[in-house]
Structure formats: C-alpha cells, structure tokens
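Asks: Got a structure for you, written out below as structure tokens; questions coming shortly.
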Amino acid sequence: MFKQTLHISTSPHLKLGVSTDDIMRNVVWAMLPTSAFAVYAFGLSVFLLLVTSVVAAILTEHLLCRWSGKESTVNDWSAAITGLLLGLTLPPAFPLWMAFVGSVIAIALGKFAFGGLGYNTFNPALVGRAVLQAAFPAAITTWHPAFLEGRFTDIAGSTLALPFMEPTYDAVSGATPLSAFKFDGVAADSADLALGLVSGSAGETCALLIVLGGIYLIARNMMNWRIPVSILLTVYVLSGIMHWVDAEAYPSPVFMLFSGGLMLGAVFMATDMVASPLTAKGVVVYGVLIGLLVVVIRLWGGLPEGVMYAILLANAVSPHIDSALQNRVYGTHKKAKAV
Amino acid sequence: MNKPTDKSGFFAALEDSPSADTFLRGLWKDNPVFVQVLGMCPVLAVTNTSMNALAMGLATAFVLLMSNVLVSSLRHFIPKQVRIASYILIIATFVTITDYAIMAISVELHKSLGAFISLIVVNCLILSRAEAFASKNTVGQSMLDALGMGVGFTFALLCLGVVREVLGSGSVFGFGLFPDGFQNWIVMILPAGGFFTLAIWLLLFNILKQKRATT
C-alpha cells in the first residue's frame with residue numbers, strides 16, 4: 001500500500017499568507033494616531049477611558065474563552081480593536097464604569113454570543129455603543145470641550161463616577177458641531193472640523209488622522225476601499241443636492257463629511273470584515289445604504305448623529321445583500337441563478 | 001425510566017411518580033418561557049418591574065388552572081369541530097374574572113398591566129395546554145399540569161422582572177437597593193431591555209441544559 005500524501009482541502013488554495021492577527025495588528029496601528037490625538041485633545045480623561053474599554057474588552061474575551069473551555073483568542077488583537085473602537089466613539093468625559101459595561105456587552109453579546117470572531121452579525125463595538133446609548137442617554141450625549149487648560153492633570157468629574165451611580169458633570173460642556181447645527185443652526189468651520197479642533201466623541205474629531213489610518217490600511221490591502229469611498233461619496237452627493245435645494249436648512253456637504261462620527265464609522269467600523277458583504281458589488285450597495293441612512297437620520301431624524309444606527313442596520317442586511325448579488329460563477333450563463 | 005441514578009429517597013420517588021413528573025415538567029424540562037418560548041407578549045411587555053411580572057404570572061397561572069380544569073372535565077362533551085372556539089370561550093370567562101379581580105384589588109396595578117390582562121385570552125400557552133393536555137387527560141392530571149406550567153411561567157416572568165427592575169430602577173418590588181443617585185439603565189425599562197434580558201436568560205438556560213446533558 002502506498003502512503004497517502006494527497007492533501008484534501010476546500011478552496012481557496014492560493015493564500016496570501018497574511019493571518020488574521022497580522023491584519024488586526026495593522027488595524028490597531030492605523031487607529032493609533034487617532035487615539036493619540038484623542039488623548040492630546042481631551043487629556044487624561046480620554047486616556048483612562050480608552051485604557052478602561054480596551055482592558056475590559058480583552059478581559060471579557062479572555063474570561064469567556066476560558067469559561068467555555070476554548071483557547072484564549074486574546075492574541076488575535078480583535079478584542080483590543082473592539083475595545084479601542086468603542087472607547088473612541090464615547091464622549092470624552094464618559095464615566096469609566098459605563099465604558100466598562102459597554103465593553104463587556106460588546107464582547108459578550110455582540111461577539112461571543114454569536115460564536116466569536118468571524119461569526120458576529122454586527123460590529124461588536126457598535127453593539128456596545130448602541131446598548132450604552134439606550135441605557136444611558138444622558139451620559140452619552142454630554143460632551144466635554146476639547147483643548148481645555150490643564151486637561152493633562154485634571155480628570156473630569158463624571159469620569160470617576162462610582163459604579164452604578166449617576167455621574168455629576170462639570171459646569172463646562174460643549175456641543176458637537178452636529179448638535180450645534182441641528183438645534184442652534186450654527187455650522188462649524190470646515191478647517192476646524194478636518195483638523196479636529198471641535199468637540200465630539202473622543203476619537204471622531206480629527207478627520208484627517210482617521211483618513212490617514214484608512215489610507216495606510218488600503219495601501220496594505222487590508223481594507224476594502226469600496227466601503228468608505230461609497231459611503232462618503234453617497235453622503236457627499238446626497239447632502240450636496242439637499243444643500244443646493246435649500247442652503248439655509250441643510251448643511252454643506254463638506255460639513256457633513258467631516259463632522260460627527262462619519263469618518264470614524266466609514267473607515268474603521270463599516271469595514272468590519274465579518275459584518276460587511278463579500279462581493280465587490282455587494283459592498284458598494286452596502287456603502288450606499290449606509291450613506292443614505294446617515295443623511296436621512298442626520299437631516300430629518302430626531303438625533304443629530306446616525307452613523308452608528310446606519311452601520312448596524314446595514315450590517316443586518318449585509319447577508320441578504322450577499323445572497324442577492326452573488327458573483328456569476330465563471331463559465332456559467334448570465335441568467336443562471338446562483339444558489 | 002432507567003436512568004443511572006445515584007439519587008435516592010425523595011427525589012428518586014419524585015422522578016418515578018408520573019403525577020409529580022406532570023407537575024415538575026412545567027417548572028424545568030418544559031418550562032413555558034425558557035424551553036417552549038410560548039406567550040412571549042406578556043413576557044416581554046410587562047416584566048419591567050418585579051411586581052408587574054409577579055401579578056402577570058399569577059393571573060396567567062390562575063386562568064391556566066381554571067381553564068385546564070374546566071376543559072378537562074368537559075372534554076367528552078365538547079365536539080371536536082368547535083373545540084378551539086369552546087376553549088377560547090372558557091379561557092375568556094376566566095380572563096374576565098381575573099380582570100375584574102385585579103381591578104378590585106389594586107386599580108394601580110390594573111393600570112400598569114393595561115391591556116395585557118385582557119390579552120391573557122390569546123396567550124398561546126393557555127390554549128396549547130388546553131389543546132395538548134387538558135383535552136386528553138383526567139381532571140387531576142390537568143390540574144397538576146396547569147399548576148406546574150403556571151408556576152414555571154411565573155418563575156420565568158419573575159426572572160426577567162427582577163433583573164429588569166434592579167438595573168432599570170435600582171429596586172426589587174419597589175424597595176430601593178442602592179443609595180441615592182443610582183444611575184437607571186433606561187434601556188431595561190424599555191421593550192429592548194425585555195428582549196436583551198430574555199436572550200440572556202435563554203442563553204443561561206441552554207448552557208445549563210447542555211451541561212446537564214453532557215454530565
């Protein structure tokens with residue numbers, strides 16, 4: 001008898017040799033400038049916020065793996081990314097205990113309950129944030145101004161609220177450009193928006209650094225460029241049309257692009273590899289859908305910002321987009337229906 | 001049942017007795033909420049406080065018990081063709097009694113439960129017990145079945161209600177658990193919190209069941 005040396009495996013047979021860990025590590029590198037700027041702009045409170053959410057995410061992942069008898073998947077960096085992303089979407093003076101709760105929910109309910117990395121229907125960080133938004137609507141919409149004096153030595157009062165206790169806010173609080181526009185009709189300067197000289201969630205203010213991180217990932221072929229491009233283009237075109245129709249009531253497209261969490265969401269969240277569609281056509285539909293929802297929620301919805309809900313909704317339909325827009329199998333006829 | 005058991009005495013006797021099995025099935029193995037996932041409307045809608053959950057559970061258990069007994073005792077007289085309509089009439093009778101009883105006991109409670117008392121009539125748990133059990137078994141057996149299911153349903157509602165009230169209002173049955181300044185988790189009082197809590201309980205129950213099956 002001859003020894004069987006035949007390898008049986010499913011396609012794809014040609015692999016790039018880039019592992020999940022590599023990609024995830026690079027995503028962390030790409031987010032570092034944004035995180036560093038967040039700490040620079042908002043000081044010690046944001047540093048503690050980011051540390052808390054990352055540590056809570058890693059801890060939850062590790063404990064859940066251990067508890068369910070699996071090998072710990074902490075080393076693939078995905079939990080760290082979820083924690084960091086969640087921290088970046090939270091207001092700068094957000095109570096640390098709430099961030100901790102959010103991280104635990106993001107990992108436990110957003111990811112682990114679905115089966116871990118690769119099975120999550122939704123972007124886990126956004127699941128965590130959505131729960132926090134629904135549970136603590138006051139805390140998550142109380143913004144802290146950027147570039148305060150003494151931000152590297154003082155911690156905002158609300159940051160250190162005792163667990164399960166209501167935070168007390170400092171007298172100073174700032175409005176985000178989006179809420180300022182929605183409720184007071186004041187549009188912020190575009191240059192300030194791009195450079196991040198405004199108030200907002202910890203990591204969403206500096207659009208330029210986010211774009212830089214995105215370009216790095218696209219250049220290394222670790223992110224599908226069609227997703228951010230189609231989201232941003234849709235938002236730009238739609239809000240451009242609305243602005244052209246009525247410049248008084250609707251903000252300029254540049255304002256729409258650079259304000260709020262759109263950049264952060266389009267570059268780092270909508271591109272979640274698991275929760276976005278697979279085909280090139282599919283991701284464009286997915287991106288257009290997100291852009292459309294963002295514009296609709298921002299211009300006509302009750303909330304000033306809608307990137308989170310837009311992405312979560314698009315995540316929910318992405319399997320359907322996939323099944324509706326299958327690639328034609330090579331060699332088959334155009335009309336042949338994909339199963 | 002020939003399980004390899006090392007249990008003895010009371011529990012062994014319980015497992016072997018068919019009556020006790022009828023009763024206990026509703027509590028654990030066939031729990032109406034955590035296993036059969038029946039009657040989700042009240043489970044999600046009126047478990048925002050422990051009191052509402054308890055009242056709803058007891059009201060449903062009462063209707064279940066009375067209708068099971070009546071359906072079972074009338075099972076030879078109800079023609080097959082109109083049985084569902086007859087069951088619904090029987091159930092509706094007891095729901096109306098419950099409705100007025102709750103209003104007499106506490107108007108406040110009646111207000112907070114709202115339309116969900118009348119909606120007990122369409123609770124699929126009650127109809128399913130009438131159709132699947134009471135119409136085929138003796139009065140005594142049906143009573144035991146209704147008691148088990150009713151207690152199981154109340155237990156499940158309380159599981160949700162306590163968690164939601166502790167996180168949503170910082171209290172249990174209206175008694176505050178925390179010092180002043182507790183941060184209410186608004187989501188827990190909203191319907192979304194009901195879905196979250198139910199999902200987590202289902203998860204825990206399934207893990208427990210799997211653990212039991214493997215050991």
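The backbone N, Cα and C atoms fix where each Cβ goes, glycine too.
Unlike curated records, TrEMBL annotations are generated automatically.
For reference, TrEMBL lists these features for the protein:
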{"type": "MOD_RES", "residues": "A:Thr176", "note": "FMN phosphoryl threonine"}
{"type": "TRANSMEM", "residues": "A:37-60", "note": "transmembrane segment"}
{"type": "TRANSMEM", "residues": "A:96-114", "note": "transmembrane segment"}
{"type": "TRANSMEM", "residues": "A:126-144", "note": "transmembrane segment"}
{"type": "TRANSMEM", "residues": "A:193-218", "note": "transmembrane segment"}
{"type": "TRANSMEM", "residues": "A:225-244", "note": "transmembrane segment"}
{"type": "TRANSMEM", "residues": "A:250-271", "note": "transmembrane segment"}
{"type": "TRANSMEM", "residues": "A:283-301", "note": "transmembrane segment"}
Asks: Which of A:37-60, A:96-114, A:225-244, A:250-271, A:283-301 shares the most C-beta pairs under 8 angstroms with the transmembrane segment (A:193-218)?
Replies: A:250-271
Asks: With the transmembrane segment (A:225-244) as the reference, find which of A:37-60, A:126-144, A:250-271, A:283-301 contributes the most Cβ pairs under 8 Å.
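Replies: When the Cβ pairs under 8 Å are tallied, A:283-301 comes out ahead.
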Asks: Can you see whether the transmembrane segment (A:126-144) and the transmembrane segment (A:283-301) are touching - at least 3 CB pairs under 8 angstroms, only pairs 6 or more apart in sequence?
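Replies: Answer no, regions not in contact.
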Asks: I need to check the long-range neighbours of the transmembrane segment (A:96-114): which residues 6 or more away from its ends have a CB within less than 8 Å of a CB in the stretch?
Replies: 48-49, 52-54, 56-57, 60-61, 64, 79, 82-83, 86-87, 90, 120-129, 131-132, 135-136, 139, 159-164
Asks: Which sequence positions outside the transmembrane segment (A:37-60), separated from its termini by at least 6 residues, show Cβ-Cβ distances below 8 Å to it?
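Replies: Residues packing against the transmembrane segment (A:37-60) from afar: 74, 79-80, 82-84, 86-88, 90, 92-94, 96, 99-100, 102-104, 106-108, 112, 144, 146-148, 150-156, 159, 196, 202-203, 205-206, 209.
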Asks: Over all shown protein chains, what is the count of other CB atoms within 10 A of the CB belonging to A:Thr176 (FMN phosphoryl threonine)?
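Replies: Taking all protein chains shown, A:Thr176 (FMN phosphoryl threonine) has 23 Cβ neighbours within 10 Å.
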Asks: Tell me, by DSSP, whether the residue listed as 'FMN phosphoryl threonine' is helix, strand or coil?
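Replies: For the residue listed as 'FMN phosphoryl threonine' - judged by DSSP and reduced to three states - the answer is coil.
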